[in-house]
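As given in TrEMBL:
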type: BINDING; residues: 89-94, 141-144, 176-185, Asp211; note: FMN binding site
type: BINDING; residues: Arg301, Thr538, Ser599, Arg600, Lys605, Lys606, Tyr607, Val608, Thr609, Asp642; note: NADP(+) binding site
type: BINDING; residues: Arg457, Tyr458, Tyr459, Ser460, Thr475, Ala476, Val477, Tyr481, Gly491, Val492, Ala493, Thr494, Trp680; note: FAD binding site
type: DOMAIN; residues: 83-227; note: domain 'Flavodoxin-like'
type: DOMAIN; residues: 282-524; note: domain 'FAD-binding FR-type'
type: TRANSMEM; residues: 20-39; note: transmembrane segment
Amino acid sequence: MENSEGVKIESTVVTEEPLISALDIALFVVIITVAYFWYFKRDKQSSSSEKKPYTIQPSSLSSIEQTSNSSFIKKLKSTGRSLVVFYGSQTGTAEEFAGRIAKEGARYKMKGMVADPEECDMADLVEMKEIQKSLAIFCIATYGEGDPTDNAMDFYEWLQNGDADLEGLNYAVFGLGNKTYEHYNEIAIYIDQRLEELGATRVHEIGLGDDDANIEDDFVSWKEKLWESVCSHYGIEETGEESNIRQYKLVDCSEVLPERIFSGEISRLKSYENQRFPFDVKNPYLSKIAVNRELHKSGDRSCMHIEFDIDGSKMRYDTGDHVAVYPKNSSELVDKIGELLNADLDAVFSLLNTDEESSKKHPFPCPCTYRTALTYYLDITSNPRTHIMKELIEYASDPKDQEKLKLMASSTPEGKKEFHEWILRDNRNIVHILEDLPSVKPDLDHLCELLPRLQCRYYSISSSPKVYPKSIHITAVLVNYTTPTNRVNKGVATNLLAQLIPTNDELPQPTIPIYIRRSQSRLPPKSQTPIIMIGPGTGLAPFRGFIQERDYARKEGREIGEMVLYFGCRKKDEDFIYENELQEYVANGTLTKLHLAFSRDQPEKKYVTHLLEQNADELWNIIGEKSGHLYVCGDARSMAKDVHSIIVKVVMEKGQMTNSQALNYVKKMEQQKRYSADVWS
């Protein structure tokens, strides 16, 4: 037999039964005593480690204050606030919008605070009615296949499963989504409706921001009408005070010891020198680049096959998961900002929240140098939003530059047009703005406060853990393009990855921080279930992992179902990635059919969607008659929508259904996870 530790215990046969001696009793007492102390000491150590996680907090924050962080109601009451703005953010935009709303609350006699629902006890919403003229605003993003963001997941589930009485709660919701995705703003819409069902009062209609168009414009338009509704609902008037109040104050840290200065870590100081499992968004794993090779055979574009070494990390992934890569900005752009502002980039500083009650003490890990902040923590390549234009006005010494910024910061039709053309259409980032408006010289610490956080980039994993348990593969196209102002913009992550080439000598191998994000896209539980995969270009990535996994099962002697792949690229001799691998899978029978579309190898362009229309019988045979699974990966803006329309049409024609019945059939496939889309815009 075995004990609780899995150690085999040999049994002995006793031939005599003598009376229990004093020695037996003594040994028994000793054993019981040792077991007692061992068990409770272990329990105490475990409890201690759970209660005292390593966190970076200002020394002035007491342990008592830390334990009360989850009660946002206590903070509101103790500081005389009536406005709380919650955010559900995956990329930082929703958090940024929440901060802007909370800041503007002062103009309407509503002192506000920003709150992360993951760090709050959301059941306290029932107590909001105890605060006079209180308001809760929710800036909520939807991502993936209609999923809540990671930090809003618990709140979403609480709304789904609970029945709290929210009568007396006043609220408003702004959603962040993308119309190219099927589940456009689904989470925000649900939260808006669910709060009303639970008795809360909607102060202003829901706002739906579309990131495929101009989400900044959507937000500003909604926000202006929000404050009109707030004034009407509470009988208050705008104070008219237009002030650019700093949220953070500059702290000189020139005397801080070098070992206490952040150098690019995401959260924990020296985390890359002392790696600790588990690895996640706040604690990524510093992975070595094991392989970095070019997949394109010719042409002026580049597509990289990269393998991250995770041996010894204890990290595990499933086929279909995503890997997050933490990039850094190019030194060329960082140095340019230093030159334009005549700033010492190696000065050590910190930004400390002026709101002492805020749980967010710094906008990014502090203290650090300006060079570190601009390299690792701040997004300096995206298009700045209108509130940054507004904050830059005071730093413009030329009246023409000042007027241009004022116009772009305004909500007038002329201002929106100018912002759209000069910032969005011409694709200017903060470096370009400082170059083209030379009189604008903001304080570097203020600019660091204004710029959004640099976010990790997600890639579909193109390998199977059954075949590659010690590495993660990705397939990434190098992003480089020329803007209307004849500047060359470069993808932050892909251009960094392109430089990380492993060497064959004994020099340290290049590394980059990563972590694994779980995906909803999964192979069917039964290996016999037939599947169709549609993945043009790098959309092939997750299906490479699917095919590897089924091939592994076949080699083990298990029965596998049909695997049909639709792949497309421009030219067979240029960008047919993984060609030899795919042809080998066809030859050994793992890949049942390989449908190829090379759009520019003939006079008339040919895409995978054309092939799908030609193979309606095959599609229906697998998804209709055999209840197989269908997967789509790639461009959400056109390809994924076209595929969806074709599938509905096939179901109508081959399944002899009406349009309504076909739509319901496809919707049911999605609910059953038989139709999965891993797409991006």
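One-based numbering along the chain as shown.
Cβ atoms here come from the backbone N, Cα and C positions, even for glycine.
Known features from TrEMBL, placed on the structure.
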residue : record               : Cβ neighbours (10 Å)
Gly92   : FMN binding site     : 15
Asn178  : FMN binding site     : 22
Tyr181  : FMN binding site     : 24
Arg457  : FAD binding site     : 19
Thr475  : FAD binding site     : 23
Val477  : FAD binding site     : 17
Gly491  : FAD binding site     : 18
Ser599  : NADP(+) binding site : 16
Thr609  : NADP(+) binding site : 20
Trp680  : FAD binding site     : 17
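Residues Arg301, Thr538, Ser599, Arg600, Lys605, Lys606, Tyr607, Val608, Thr609, Asp642 are recorded as binding NADP(+); their most distant pair of Cα atoms lies 26 Å apart. Using a 10 Å radius centred on the Cβ of Ala141 (FMN binding site) and all shown protein chains, the other Cβ atoms total 30.
DSSP assignment over the domain 'Flavodoxin-like' (83-227) gives 65 helix, 35 strand, 45 coil. Across the structure, Asn178 (FMN binding site) and Trp680 (FAD binding site) place their CA atoms 10 angstrom apart.
The Cα atom of Thr609 (NADP(+) binding site) lies nearest to that of Tyr181, taking the binding-site residues Ser89, Ala141, Tyr181, Val477, Ala493 as the candidates. Same-chain residues at least 6 positions away in sequence with a Cβ under 8 Å from that of Ala493 (FAD binding site) are, in sequence order, Val325, Pro327, Arg457, Ala476.
The FAD site in the record is lined by Arg457, Tyr458, Tyr459, Ser460, Thr475, Ala476, Val477, Tyr481, Gly491, Val492, Ala493, Thr494, Trp680, and its two most distant CA atoms lie 23 Å apart. The number of other Cβ atoms within 10 Å of the Cβ belonging to Gly144 (FMN binding site), over all protein chains shown, comes to 18. Most Cβ neighbours within 10 Å among the binding-site residues Tyr184, Tyr459: this distinction goes to Tyr459. Using CA atoms as reference points, the binding-site residues Gly144, Thr475, Val477, Gly491 were checked against Lys605 (NADP(+) binding site), and the closest is Val477. In sequence order, Glu95, Ala98, Cys139, Ala141, Thr149, Asn151 are the residues of the chain that are 6 or more apart from Ser89 (FMN binding site) and have a CB within less than 8 Å of its CB. For Trp680 (FAD binding site), the spatially nearest entry among the binding-site residues Gly92, Tyr184, Arg301, Ser599, Tyr607 is Tyr184, judged by CA separation.
Cα to Cα, Thr475 (FAD binding site) and Tyr607 (NADP(+) binding site) are separated by 20 Å. In terms of C-alpha distance, the listed binding-site residues Arg301, Tyr459, Val477, Ser599, Tyr607 place Tyr459 closest to Gly92 (FMN binding site).
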